[in-house]
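> Quick one: structure below, then a few questions.
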């Protein structure tokens with residue numbers, strides 16, 4: 001068995017010093033160890049001193065550098081967690097919005113998403129504008145086939161402002177109101193719930209193309225009642241503790257009013 005070689009440190013010039021030895025493997029490990037910490041010397045030996053202080057190591061480039069808390073609000077990576085849903089999650093939440101049972105907050109508690117809000121509102125904007133024009137065309141031809149008809153591009157502008165504004169501002173308003181009264185539900189849960197509550201409007205917009213005004217009003221009433229019930233049942237548990245029935249009624253009225261607005265403006 002080969003004997004390990006040793007390296008003698010040049011300390012003979014120091015009076016009374018004893019030569020120190022160190023193996024070559026140990027010396028190489030010390031020189032190459034990137035995790036070695038440098039410490040400030042001498043330590044503060046006083047009662048309130050901090051002793052040896054480890055200097056922070058520079059970032060290796062793999063992790064984010066520390067910065068202002070506002071930086072996260074403008075970083076795309078900060079929002080990726082709210083799109084971490086698969087097809088089964090989305091389908092389950094869409095189904096829950098059509099069959100309101102009041103447990104939607106429980107279903108999304110561990111993983112609320114913005115995918116439904118963005119996808120549903122954007123789809124609804126285009127569906128309402130395009131099928132609204134189609135319904136207007138069918139009604140005009142039913143009344144008088146000789147009347148000229150032109151595609152109204154303003155439908156897209158109105159639907160975008162109304163639907164996006166409703167989907168983002170109304171949940172924000174109720175969130176701030178309930179936070180004032182002590183609710184602990186996060187804003188992302190409100191946006192998630194209101195986003196999925198609009199899914200039924202996509203279905204009703206497809207049916208509102210039927211050129212019979214009486215049937216259109218029946219579809220509108222069913223849509224308004226169903227979406228208002230979904231919002232009301234899920235908000236109920238958060239307003240009962242503070243006896244805020246008026247808030248619950250206001251949320252249902254706004255949801256029903258949206259159904260009336262879509263029918264009156266785009267499918268008149």
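Just so it is clear, glycine is given a Cβ too, placed from its N, Cα and C backbone atoms.
A quick note: this is a predicted structure, and the numbers were derived from the prediction, not measured.
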> When you get a sec, could you say which of 94-113, 214-233 is annotated transmembrane segment by TrEMBL?
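Within the set 94-113, 214-233, TrEMBL attaches transmembrane segment to 214-233.
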> Other than its close neighbours in sequence, what residues sit by the transmembrane segment (245-266), given a CB gap under 8 Å and a spacing of at least six beyond its ends?
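Hits for the transmembrane segment (245-266): 128-129, 131-132, 135, 155, 158-159, 162, 166, 170, 174, 177-178, 197, 201, 204-205, 208, 216-217, 220-221, 223-225, 227-232, 235-236, 239.
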> Considering only Cβ pairs under 8 Å, which range in 114-138, 185-208, 214-233 makes the most contacts with the transmembrane segment (158-178)?
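Ranking 114-138, 185-208, 214-233 by Cβ pairs under 8 Å to the transmembrane segment (158-178) puts 185-208 first.
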